[in-house]
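The domain 'Ras-associating' feature in TrEMBL is assigned to 14-112. What TrEMBL records for 146-463 is domain 'Myosin motor'. Marked as ATP binding site by TrEMBL: G239, E240, S241, G242, S243, G244, K245, T246.
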Amino acid sequence: MNVSDGGRRRFEDNEHTLRIYPGTISEGTIYCPIPARKNSTAAEVIDSLINRLHLDKTKCYVLAEVKEFGGEEWILNPTDCPVQRMMLWPRMALENRLSGEDYRFLLREKNLDGSIHYGSLQSWLRITEERRRMMERGFLPQPQQKDFDDLCSLPDLNEKTLLENLRNRFKHEKIYTYVGSILIAINPFKFLPIYNPKYVKMYDNHQLGKLEPHIYAVADVAYHAMLQRKKNQCIVISGESGSGKTQSTNFLIHHLTALSQKGFASGVEQIILGAGPVLEAFGNAKTAHNNNSSRFGKFIQVNYQETGTVLGAYVEKYLLEKSRLVYQEHNERNYHVFYYLLAGASEEERLAFHLKEPEEYHYLNQITKKPLRQSWDDYCYDSEPDCFTVEGEDLRHDFERLQLAMEMVGFLPKTRRQIFSLLLAILHLGNISYKKKTYRDDSIDICNPEVLPIVSELLEVTH
């Protein structure tokens, strides 16, 4: 996973520092550093926290993983390994863990009924509900409506009024709008703190349209309709490239599983969302409009028991853009995994796979006209960007993250090596050039036969 042969062993053996934020459980403590290894469980980390902060041992505590401050929380099971989950975070989150909007671990208290105690959340929900009822009865003035949360309510429905309504809502960071039972989501290209447990509880078992439009409301309606009607439910997500379809899918899966697991991330949810780095590496690519565009369709089937508990899941991928392997349009790249592998492979892997620089592969260099760089360290960020460079990208870290994600999903080391060997065989195949035989029009010769032994070795076939 690292550029050196011992990188993998160092990652597995090294002691990492987890920063746990106890919040109101330990007044005066911003965060508590806890040393942990790759296989340290959440239960072991919590025991260390209890001793370090002198907490009440009669109470039950859990760890929550937060992706962005004020965002959705993923409750870790006692056997989950926090270090493994931390290593799946983006590089910027690992480097800037003191910033206000980053990934982090929180310490939460669990109630006797299995739910999570969120302090003043229940009183906040009660006051919000009482205020809504007072406005319905006329005891409080209705807020002046400058926009409509359902486009079907527009007094004059045409293209101009529709777009103006969406624009006005977007200016106030209201990215969701209904069209009857259809939800329109506008990508804000920034994180909004509207996915935390407060919103999970707020939309639980509420009729569509009673509250502000939200993707949680769509998930909640589908979940309860399935339980009440005993029929399958389907949610279709569509949109342009970069519109946020993948992130919306993640929010849906999280909410659907949270409804059945009372906030605990089940193994099913962890596999589906933990496989994200794997699916992105092999199915996403840089396009002219989106640096991380999904080039395939995805169908996720979540199966439930009659009690509403998640039983299993099935992920089907289809319509993969296979032509991208051999040709890319202007200012576009091949699939991410090729660049991860070329930048992050160890010296032993570079020799075994006969790795070259990306400019030396025909399937990667069809657009660039820049001179060859000597190594991946020779980045020139001040020059005009080429098809190999994406702003803010750390290919070595992404390759390490991919390796760990494949391991967590269940790929054995031998299988991972075979996959990477096949990928490099594809790149070397693209370098084979041909010429027509002299005096014969129906046959050709290979111009560079020295490539054939390399391809045969990588594919483990004879030539």
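Here the Cβ of each residue, glycine as well, is placed from N, Cα and C on the backbone.
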Within the predicted model, mean pLDDT of the domain 'Ras-associating' (14-112): 82
Chain-mates of G239, E240, S241, G242, S243, G244, K245, T246 with C-beta within 8 Å of site centroid, ATP: N187, N290
Cβ neighbours of K245 (ATP binding site) where a neighbour is any other Cβ within 10 Å: 18
Residue with minimal Cβ packing [other Cβ atoms within 10 Å] among the binding-site residues G242, G244: G242
Long-range Cβ environment of S241 (ATP binding site), under 8 Å and at least 6 residues apart: T287, H289, N290, S293, S294
Residues of the domain 'Ras-associating' (14-112) by DSSP state, where helix covers H, G and I: 25 helix, 28 strand, 46 coil
